[in-house]
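Chemist: Feature annotation from Swiss-Prot assigns Ca(2+) binding site to ASN58, ASP61, ASN63, SER72, CYS168, GLU169. The alpha-L-fucose binding site annotation in Swiss-Prot covers HIS75, ARG101, ARG108. Residues annotated as disulfide bond in Swiss-Prot: CYS73-CYS168, CYS104-CYS105, CYS130-CYS146. Annotation comment: Swiss-Prot describes 31-179 as region 'F5/8 type C-like'. The signal peptide annotation in Swiss-Prot covers 1-22 and rests on sequence analysis.
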Amino acid sequence: MKVKMIMLLFQILAILTLKSDSADVPDGYIQENVALRGRATQSAQLRGEHAGISHASNAIDGNRDSYFYHGSCSHTEGDNPLWRVDLLQVYTITSVTITNRGDCCGERISGARILIGKHLENNGINNPECSTINIMAAGETRTFHCPQPMIGRYVTVYLPKTGTLHLCEVEVNVLFPAPC
């Protein structure tokens, strides 16, 4: 428990040394994508011919390939579709990087909200918002910086309308002290 608290304090200290307009990692720290260690879920699984290549876990496979039919993207649809990663422990998160589907349908992600928190109440939709995805080009990879460091175990991408949500990669960025 003490080690986790010390790590959390180091993360917060590192985050506070960042300039508000800078995406640079401060000296003495490394940025790591902790989503690779997590477990992903989504509100619905695509059915039919492409069901086997649209799993939630495809969005945390470390592959930014944005062509859906290569099998590296998630796909969920319906009323208020959502995708979520359980990071399996609490982290102090500075930003989330998303790769949008590139072979078509880039506009479908517009209006999605990135939520971060420690609770699964209402499928994580009640957790605080890091950012909203207003417009994102097909195949674009973009980092969404939270207005302040956010503490959470669950990162949810939620589309508050009837539609389709494609995510080809989701990276959850955390700062750690660099090894000596």
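Using N, Cα and C of the backbone, Cβ positions are placed for all residues, glycine too.
Help me picture where these features are in the structure shown.
Modeler: If you draw a 10 Å sphere around the CB of CYS168 (Ca(2+) binding site), it holds 27 other CB atoms from the protein chains shown.
HIS75 (alpha-L-fucose binding site) is surrounded by 27 other CB atoms, counting those within 10 A of its CB over all protein chains shown.
If you take the C-beta of CYS73 (disulfide bond) and look for same-chain residues 6 or more apart in sequence within under 8 angstroms, you find ILE53, SER54, ASN58, ALA59, ASP65, SER66, TYR67, ARG101, HIS166, LEU167, CYS168.
Its Cβ placed at the centre, CYS105 (disulfide bond) has 15 other Cβ atoms within 10 Å.
Sequence-distant neighbours of CYS130 (disulfide bond) (same chain, 6+ residues apart, CB-CB distance under 8 A): ILE93, SER95, VAL96, ILE114, LEU115, ILE116, PHE144, CYS146, PRO147, MET150.
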Chemist: Mind giving me a neighbour count for SER72 (Ca(2+) binding site)? Other Cβ atoms within 10 Å of its Cβ, every protein chain shown.
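Modeler: The answer is 19.
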Chemist: Do any residues at least six apart in sequence from ARG108 (alpha-L-fucose binding site), in the same chain, have a Cβ closer than 8 Å to its Cβ, and if so which, in order?
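Modeler: Counting only residues 6 or more apart in sequence, the Cβ neighbours of ARG108 (alpha-L-fucose binding site) under 8 Å are ARG101, LEU159, GLY163, THR164, LEU165, HIS166.
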Chemist: As a test of the contact definition, list every same-chain residue at least 6 positions from CYS104 (disulfide bond) whose Cβ is closer than 8 Å to its Cβ.
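Modeler: Correct list: PHE68, ALA138.
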